[in-house]
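According to TrEMBL, the substrate binding site annotation covers 337. As annotated by TrEMBL, domain 'Aminotransferase class V' applies to 29-329. Annotated N6-(pyridoxal phosphate)lysine per TrEMBL: 194, in sequence order.
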Ligand SMILES: *Cc1c(COP(=O)(O)O)cnc(C)c1O
């Protein structure tokens, strides 16, 4: 009944690739030290700036998102130095693990999964540990679907300490406003396979002058992830090692799409998808994991109805050609997550809602078919 290789991919990364981006990536290879490559590298770095909200040129890495998380750590923190990690889920925990691996003294502010930190808790943690070298945040915590308010949290760190602010914006940059300079963020890292609509394999890091002054003094052993090499090379329109040129062709095409739509309109679209997805889930009386205030425009997490396993829902959807994400770690089987970032618009989400209704009905959950779709359409009609 379904075309099984026609996949509606609705996980929070990797995300679907737009046709123009797919086509751009199949261009014939060029020399990575050629003038064409330099022009391209300079151009994409320049055009990424507005998404980071900075005057600094974002550095380009070949690697998955975690490569730049690790780069942010190894270039700034030396063994024995004290740091604070605000952990709101799996990805905050990943920062803590990397820091532990590199010998940092890791203080944690653990926040209940599905919530954002209370600014007062952050303040008291900062006062409790006056020697922090850096504070680590995740903008969108992909495992729960919260969007941490970096605009509030980062200035708070600066008010109470001298620590660097380092932000993982992998699953939000390109879909959600980010103002690195205005919010006083020192290092912002992002990746390619989420809102930037290209496959995994490129990662970005923007670095403030304050962070550079720390990085210059850092003497941790490092080679591939040494940020100074990337800065020096970028000034000449190149990268220290062979870049994933095909992915950069893709990034160029993806930025063209984002520029044509307009950054504000891109953010507005993601906000709208959050609203219609939440309205649809609420209409089904399934509990949303995040409050309206804390919810990310890029991914929506939902608790299963009492007594059923969200993995059954996922496998039903898979049969209908729709791929959504489950829960990670202790949330496995308990939640499902709908990714709505990148190359995604409302008419990509309606079939997901329809399929969820069909699966729930099959599992004898009380509902009227069409409930979720109708609620989504009602929200959508306000935008047309
Ligand atoms: C996807 C993601 C990453 C990067 O993961 P990789 O698998 O290394 O690309 C990091 N942080 C967040 C918040 C993410 O969503």
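Yeah, the Cβs are placed from backbone N, Cα and C, and that goes for glycine too.
Quick caveat, the model's predicted, so the values are computed rather than measured.
Here the residue listed as 'N6-(pyridoxal phosphate)lysine' comes close to 12, 13, 14, 15, 65, 170, 171, 172, 173, 174, 175, 298, 341, 342: these same-chain residues lie at least six apart in sequence, with C-beta atoms under 8 angstroms from its C-beta. When secondary structure is read from DSSP and collapsed to three states, residue 337 (substrate binding site) falls in the strand class. Look at residue 194 (N6-(pyridoxal phosphate)lysine): DSSP puts it in coil. Counting only same-chain residues six or more apart in sequence, the Cβ atoms lying under 8 angstroms from the Cβ of residue 337 (substrate binding site) belong to 11, 12, 142, 145, 299, 300, 301, 302, 324, 325, 326, 327.
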